[in-house]
Each structure stands twice: as C-alpha cells, then as structure tokens.
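According to Swiss-Prot, the protein carries these features:
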DOMAIN    13-112  domain 'SH2'
DOMAIN    125-185  domain 'SH3 1'
REGION    180-221  region 'Disordered'
MOD_RES   TYR214  phosphotyrosine
DOMAIN    228-289  domain 'SH3 2'
SITE      PRO230  site 'Proline switch'
Amino acid sequence: MAGNFDSEDRASWYWGKQNRQEAVNLLQGQRHGVFLVRDSTTIPGDYVLSVSENSKVSHYIINSVTNNRQSSTAGMVQSRFRIGDQEFDSLPTLLEFYKIHYLDTTTLIEPVSKSKQSGVIQRQEEVEYLRALFDFIGNDDEDLPFKKGDILRIREKPEEQWWNAEDSDGRRGMIPVPYVEKYRPPSSPGSALIGGNQENSHPQPLGGPEPGPYAQPSVNTPLPNLQNGPIFARVIQKRVPNAYDKTALALEVGDLVKVTKINVSGQWEGECNGKYGHFPFTHVRLLEQNPEEDFS
C-alpha cells in the first residue's frame, strides 16, 4: 500500500535545520516508513530524508543539482533534486515516487507527527524503557503480551498501574506496571534497543556535523501489487514470535513465504511451511513474480 500523506503539504514533513541525532530522537521507535525531511548541516542547499526502517533510522542525502534558489521568472534555472541515481523536479515529486518505491526496506508511509511532538525535539534521554520482570500473557485485546527479560518502550502513562508500551517488533498495547522495572540502555543516548539508529550515532550539538555515511536507496524497487498475482519472498532474518501470539509466523532464514496481504503498518500476512500468519516485511526479501514452481 502506498503512503497516505500530502506531499505538497511541506509543513507536514519539512523540519528545517536539524542534525542527525535530533532526527533519530524523533524517529526511533516509530513504525516503518515514518519520515521527515531536514536541511543538510554540512552542505547548504541540500536536504536529508530521515526514515524509520528495519529497526533503525536511515538517512538519505538529497543533493540539489544546482544551488540556485532564485525564481525561474527571472530567467534562472530551477534546482533539481537527486537521491541515489534518481533525479526529480521537486521535493514533493521525490516523496511521491518513494510512496510506491522502496528506499531500502520500506516505502514512505507518513511524516512524523509534529502535533504529537508539540514542536519540541524529543531528546533520547527522555525516552523511557522498561524490562519485564515476569511473563505477561495478556487478558484483553488491548494488552501487550511479553516475556520475562523483554525490553519495552513507554508510549503513554494513562493509568497508575497500566501503561501503554511498544515491544521490539513494533507491537503496542497496555502493560501492568508491577510486571516491569525501569531500564536504562547500556549505550550512549545516540543508540536505543527499540528502533535505534544503527549507524554512527554519537550525540552531536545542535546544528553539528553529520556523522557517519548516508544510506543509499534501492534502484527502482516498487511496492508489490497483489492484483498482479501471487507474490513470494525469501526469509533473510530469523524470527521467533512471541509464544502467546498464535497469529505470528515463525521464520527461518531461507524459507519461502507466499505473501497474501500487504498492510501499510509493515506487518504483512502470508503462508510459510503450511502455516498462515503475520510477519514483519523487513524479515524477507521479495523474489521475482510467480516463482510458484519453487513454492512448497
């Protein structure tokens, strides 16, 4: 499914002058495909597309082919924008393209919400983590099951004894406070266990330099369309689902998965080894269409 956002609404996705660490603080823990566009802190006129994907935050440099910002009515050539091998007339056109084409493991789904952030950059040290002291099966559909030792991220504290949290697979729900304890990640604030940035992520001062290399988008990788026939994928990352989630697929590297439904959340549905269930699309790599002779 393509992203559901208005690429012409610049105010919804453009964050202005912001360094890499600040973007990470906003995006880590967000679901796959949540993004923002910011100014490059190293090259005036260039931009950076920061995206939550594959349990990390990726940063894609957007080069301005010309740094001429003057109006074309004055006879000046307008800037074009290059990301990887692709070139676009405008930033909205670029965003539209990546609504239906993969960057690496995700398409663009929606901008990170400015209203939820209240215009204030969320520092990593403000993100609270918990460690499970006991197994929790869950009693209601809104509960988040977990096992002893799991690391969870607090999203909200609506009640004294029940908080809303997120696990490492992106599942969210209510958890009983007596079952968990406060947890501080052992690494620096630039890295987190859930949705953390796996690039060079040393904290930088406001407006500081861009550390680490930029990611490179895939070349012409469109979002698959199930209407064109069955879609198959090969498992590239082992997955052992929560023992209490009977709808989740267990995956072994090399398994063949027949994709039956593509959800915008990033949790796809499919068949693997005769079983049906959901799985994170980041754990598989799509194959060429219709390799049915290989499916068993």
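Cβ coordinates are placed from backbone N, Cα and C, and glycine is handled just like the others.
Mean model confidence for the domain 'SH3 1' (125-185) is a pLDDT of 85. Counted with DSSP, the domain 'SH2' (13-112) comes out as 19 helix, 35 strand, 46 coil.
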